[in-house]
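The annotation transmembrane segment is assigned in TrEMBL to 6-27, 48-68, 74-96, 123-145, 157-174, 186-205. Residues annotated as domain 'Potassium channel' in TrEMBL: 40-99, 126-213.
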Amino acid sequence: MSVNKNGFIPVLIVAKITALSVRLIIIDAWDKGVNPTGNSTNPSNWDFSSSFFFAGTVVTTIGFGNLSPSTVGGQVFCVFYAIFGVPLNLTFLNYLGRSLNGHLKRLERSSQKSSNCKQVMKIFTMAFFLIFGTVLFLVFPPLVFSHVEDWTYGESFYFAFITLSTIGFGDYVVGTDPDKHYISIYRGLAGVWIVIGLAWLTLLFNVGSRVLEQILQLKWHRNKSNLDVMHSSKQEDCCT
């Protein structure tokens, strides 16, 4: 490091050190959940709505990464909360998925006894469930997010899909713009949307796996029938 005749560090080096210090402060603030952009004061990161949203991202294992406990006590509590909360949330989602699946089966059984009518009713029920859930959890929420967050609809849909699939990159997170004044329950409602949306996805995966299993069984039975026909025809040829 060069020093001038008066023994003072050059102004340029002082400016670089100051800029580095400011950068480290900004990085530390970002790591603690403070958004340094904008000209307004950040609201509390740990009000009830934000805390509820954070709790939802923990038990659903999404973990956006924009907000995390910084104290030792908070980190210890978060560990134990996740140990008990994640299994309980999985149990709740499975129970809710089975309950919705039971309603779908009862709706299928309530149709007429004709096999053709039952098949049509099953297809109609699954189509209604798929379309209604897609609109409710993947089409309508992005409209709200694009209006509140000033995102494009594509960005909002991207956030919705990444969130409900529990990928959670953290590049888009609702309720983090310091220049916006959100209603107090906004992030809490987003947390409820996440939990119920995950239950819908769980049921969707269960229904999809059941349909795939039925298709594979049908294909196996058809192949077995074809083999039986071929075997019987060969026996007839041998007898003649």
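Using the three backbone atoms N, Cα and C, a Cβ is placed for every residue, glycine included.
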Positions whose Cβ lies under 8 angstroms from the transmembrane segment (48-68), at least six residues beyond its ends: 31-33, 78, 81-82, 85-86, 88-89, 163, 166-170, 173-176, 184-188, 190-192, 194-195, 198
Distant-in-sequence neighbours of the transmembrane segment (157-174), which means Cβ under 8 A and at least six residues beyond its ends: 53, 57, 60-66, 137-138, 141-142, 145, 148-149, 151, 186-187, 190, 194, 197-198, 201
For the transmembrane segment (123-145), distant same-chain residues with Cβ under 8 A (at least six beyond the ends): 104, 107-108, 151, 153, 156-157, 159-161, 164, 174, 193, 196-197, 200-201, 203-204, 207, 211
For the domain 'Potassium channel' (40-99), the mean pLDDT of the predicted model: 85
Number of helical, extended and coil residues in the domain 'Potassium channel' (126-213), per DSSP: 64 helix, 0 strand, 24 coil
Structural state census, the domain 'Potassium channel' (40-99) (DSSP three-state): 40 helix, 0 strand, 20 coil
